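Structure, as structure tokens:
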Amino acid sequence: MLLYQAQLKCDRRESLQSKRERVDALIVELGLSTCADVVIGDNLNRGISGGQAKRTNIGIALVTEPRIIFLDEPTSGLDSQTSCDVVSILRRLADSGRTIMSTIHSPTSEAFRMFDRLLLLHKGHTVYFGALHNKNGDASGGAVPYFAQLGLMYDPSTNLADFLITETGDKGEAANLKGLWQDSSYLADAKKHQEQLLLASIQLHANSAEAVTHLEHNMFSAVGVLLRFRSRANCKYPDFIMPRIMPSIFFGFIVGTLYYGAGGKAENPKNISARGNVAAALFMSTVMPAFTAAGYMPSIVTERPLFYREHSDGCDTTGSYLLFKVIEEGFFHIFASLIFCLMTFFLIQLPGSFWWLWLLNFVTGQVGIALAYFCGSLAPNMDGANTLLPIINVTSMYFAGVLMTYDAIPDAWKWFPWVTFMRYGWTANMLNNFPAECEMPLLAALPGCPTEYWGLKEGSAGLSVENNFGALCGFWALWLGLTFLVMTFVRHVKR
């Protein structure tokens with residue numbers, strides 16, 4: 001994780017060896033040597049401890065060697081000893097020349113004592129800002145004498161943090177601590193100190209050499225880093241691979257054995273039942289990739305916090321992340337669709353081209369995955385995504401073809417086949433296996449003449465495999481484009 005973040009955030013011209021050395025030094029500095037090669041883990045997979053995870057988060061912020069680090073409650077959820085260990089690391093980082101600014105929740109006395117300065121707020125208003133302790137590091141200076149002059153006496157046997165929180169709560173509002181701070185000499189000292197820092201900053205910039213340029217990743221180099229680290233990590237987990245491969249094996253076996261040998265019999269236009277069975281098998285091979293795309297959807301939801309974080313850090317763009325997902329999922333889907341088509345093509349003995357069958361299955365699946373991405377990015381959570389995707393897929397399935405001929409569709413719904421990708425995929429599959437022209441006009445009203453019976457000329461790109469394939473590619477681009485817009489302009493995490 002640390003090397004991945006270094007590759008993503010640091011100067012692209014810096015060598016990998018230099019980044020490795022920086023990460024190794026960070027691991028030692030943060031006390032992570034004992035778990036350097038342990039997986040981080042998640043809610044379902046056991047990994048490093050809570051304290052180690054906090055230190056890893058700090059390490060992620062440190063890989064770019066920043067001068068200033070902001071931390072939001074780095075000790076929350078940790079026991080007192082682990083909290084002290086984390087704050088001790090922050091103390092060492094501050095002593096090394098970095099500025100550490102952190103909110104902190106219910107700190108222990110020992111952890112709180114390690115901070116230098118305190119900004120204390122009550123309902124968004126400053127009631128104290130300055131040194132936490134005196135120069136000797138005890139509580140007799142800094143915040144304690146300020147509150148003592150206000151009549152709020154601190155008992156040294158208690159936790160200073162608890163004292164400050166208690167006295168600036170409802171009591172603070174009654175005592176008008178905000179107004180008292182505005183009139184205090186401590187505020188004047190704080191402003192004077194601020195002015196000194198600003199002057200020092202201006203002088204520092206004036207004396208500094210020419211700024212060093214930082215070469216960030218472009219879209220394609222960022223995709224390379226994501227593929228190298230995240231795809232490699234994903235390949236180690238069966239719960240990532242199995243949902244992408246197993247449905248194709250299972251449904252390939254079901255469809256292949258259920259319609260075994262129907263393709264050979266369907267070459268005779270008089271064998272109406274065989275042609276109807278082949279049409280149903282091709283329908284299933286079109287619909288199945290769209291439904292199994294649900295297995296690809298959770299990643300777009302579960303990776304959302306990481307995407308927001310990396311996007312906010314300027315590590316990658318929406319375009320690079322989406323391109324990474326298309327390449328990663330497309331790689332696995334190549335094999336999944338090949339397995340499905342090999343099983344169905346030879347078991348059913350389909351008369352058409354195997355390569356067209358596979359290409360149509362692959363692209364239909366990619367459209368289904370792009371649609372799943374759209375649902376996953378639009379919905380605020382997994383429950384919403386799992387509701388939206390089946391609604392779209394099931395509705396589209398009714399108009400794809402085999403369940404109802406085009407002529408039988410009510411006039412008010414005749415527009416719908418034109419806007420569902422399943423219709424184009426099924427039409428292309430039918431034209432790949434049956435002639436475009438009816439061999440026996442007397443059978444036009446029966447499945448023995450598929451193009452006439454199901455009305456393939458309507459609600460599709462015409463009687464051409466290539467044209468319907470092109471329409472599928474258009475739907476793929478459409479759903480990916482909509483996903484890009486949603487991920488760019490809709491943000492479900494408001495913090």
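Cβ coordinates are placed from backbone N, Cα and C, and glycine is handled just like the others.
Per-residue pLDDT, averaged along the domain 'ABC transporter' (18-76), amounts to 86 for this model. As annotated by TrEMBL, domain 'ABC transporter' applies to 18-76.
For 229-430, the entry in TrEMBL reads domain 'ABC-2 type transporter transmembrane'.
Annotation source TrEMBL lists transmembrane segment at 240-260 (among others).
Positions annotated as transmembrane segment by TrEMBL: 280-301 (among others). Outside the transmembrane segment (280-301), and at least 6 residues removed from its termini, the chain residues within Cβ reach (under 8 Å) are 240, 243-244, 247-248, 251, 255, 258-259, 262-263, 325, 329, 337, 340-341, 344, 348, 350, 357, 360-361, 364-365, 367-369, 371-373, 375-377, 379, 381-382, 385-386, 389-390, 393, 396-397, 400-403, 421-422, 425-426, 429-430, 433.
Long-range contacts of the transmembrane segment (330-348) within its own chain (CB-CB distance under 8 A, at least 6 residues past either end) are made by residues 231, 241, 244-245, 247-249, 251-253, 255-257, 259-263, 278, 281, 285, 288-289, 354, 357-358, 361-362, 365-366, 369. Annotated transmembrane segment per TrEMBL: 330-348 (among others), in sequence order.
Residues or ranges marked as transmembrane segment in TrEMBL: 354-376 (among others).
Summarising the annotation, TrEMBL assigns transmembrane segment to 388-409 (among others).
What TrEMBL records for 469-490 (among others) is transmembrane segment.
In terms of DSSP secondary structure, the domain 'ABC transporter' (18-76) contains 28 helix, 5 strand, 26 coil.
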